[in-house]
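According to Swiss-Prot:
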type	residues	note
BINDING	Ser12, Ile15, 35-36, 47-48, Gly52, Asn54, Val162, Arg285, 334-335, 337-339	FAD binding site
BINDING	Phe58, Tyr238	anthranilate 2 binding site
BINDING	Tyr223, Tyr238, Arg285, Ser335	(R)-lactate binding site
CARBOHYD	Asn177	N-linked glycosylation site
REGION	308-321	region 'Required for dimerization'
SIGNAL	1-24	signal peptide
Amino acid sequence: MHSQKRVVVLGSGVIGLSSALILARKGYSVHILARDLPEDVSSQTFASPWAGANWTPFMTLTDGPRQAKWEESTFKKWVELVPTGHAMWLKGTRRFAQNEDGLLGHWYKDITPNYRPLPSSECPPGAIGVTYDTLSVHAPKYCQYLARELQKLGATFERRTVTSLEQAFDGADLVVNATGLGAKSIAGIDDQAAEPIRGQTVLVKSPCKRCTMDSSDPASPAYIIPRPGGEVICGGTYGVGDWDLSVNPETVQRILKHCLRLDPTISSDGTIEGIEVLRHNVGLRPARRGGPRVEAERIVLPLDRTKSPLSLGRGSARAAKEKEVTLVHAYGFSSAGYQQSWGAAEDVAQLVDEAFQRYHGAARESKL
């Protein structure tokens, strides 16, 4: 047990919550510190409530072996959750343009049930595709479920806007940085590779049970993601570097028209007017140039020692006040946060274990 070791998890999105839950189950004392909490389902400064939260890999084994491992682990976890109602099975369909990876590198064909290539009759002219059984979760409710599980284990939550890592380390033995886009501006992280990818979607009421991802027309990608509770996410957009949180009416019409062509069952009568729109959503996917960052780093506090009153004293006095601490990073997952969450959280927990076992003042970095 690690009851005397206090870990602060910075951020309460799906990555932070999943990491916190695994750590709490391992016996760590966990405190979640975040500006937005799981109940903040309408906050646009918080990525997790707006996600489609389905399981659809985009990386090949060559491009992303680490991500594939995370996704396989998450898939298995969600299968376990199906009987509880927190995850649901879907029939998945993906269609690609011929110049995409297409059927190449689909490592998940051995994981997902009923995987098979689509015949040309089920694809747009010149496109290729596959079908398989997949899973989704209800993003806001899933995060709230994780939070309840954490509270059962004694984990605590605090609403707080953190501007510097020094605030997060106050009273903590170790900090997990799951801040998403916050990594760009928090002092001590300052990762300018973190960037938003804007996503606009339409939430509709529908009994649809087929998850469709269509990029056969690269100029107009679309997707349909059913989730538990009879709701469907229709999308979407992929605006790299776009911070605009307003709803674009023209985009709404494009999304609805394209999704209706993909699956008429999203409408009660086969028309756009027959689509029961519940809400228009705009969220910012927390991406990172170079991909997700999951690694442990040793840093020295205070961060700016040149401005510290200690800098006026003798070197030995400064050293006595300075301390070296471990920061475990877990951010930059973009649109794959949910489908990689459990596997990434397992790696985070491993890094935390290693930090407590091996870091004894020596500056070093461990990367998975």
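From the backbone N, Cα and C atoms, a Cβ is placed for every residue, glycine too.
Recorded features from Swiss-Prot, shown on the structure.
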residue: Ser12; record: FAD binding site; CB count, 10 Å: 29
residue: Arg35; record: FAD binding site; CB count, 10 Å: 17
residue: Ala47; record: FAD binding site; CB count, 10 Å: 28
residue: Gly52; record: FAD binding site; CB count, 10 Å: 27
residue: Phe58; record: anthranilate 2 binding site; CB count, 10 Å: 16
residue: Val162; record: FAD binding site; CB count, 10 Å: 23
residue: Tyr238; record: anthranilate 2 binding site; CB count, 10 Å: 16
residue: Arg285; record: (R)-lactate binding site; CB count, 10 Å: 22
residue: Ser334; record: FAD binding site; CB count, 10 Å: 21
residue: Ser335; record: (R)-lactate binding site; CB count, 10 Å: 20
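For the signal peptide (1-24), the residues of the chain that approach it from at least six positions outside its boundaries are 30-34, 36-38, 46-48, 51, 53, 139, 142-143, 146-147, 149-150, 153-155, 157, 162, 168-169, 171-180, 182, 186, 286, 330-331, 333, 337-338, 341-342, 344-346, 348-349, 352, 356, judged by C-beta separation under 8 angstroms. The number of other Cβ atoms within 10 Å of the Cβ belonging to Asn177 (N-linked glycosylation site), over all protein chains shown, comes to 29. The secondary structure of the residue listed as 'N-linked glycosylation site', as reduced to three states from DSSP, is extended strand. Cα distances from Ser12 (FAD binding site) to the binding-site residues Phe58, Tyr223, Tyr238, Arg285 are smallest for Arg285.
Cα of Tyr238 (anthranilate 2 binding site) to Cα of Val162 (FAD binding site): a distance of 28 Å. With all protein chains in the displayed structure included, the most crowded Cβ environment within 10 Å among the binding-site residues Tyr223, Gly337, Gln339 is that of Gln339. Ala47 (FAD binding site) sits 15 Å from the residue listed as 'N-linked glycosylation site', taking the CA atoms of both as reference points.
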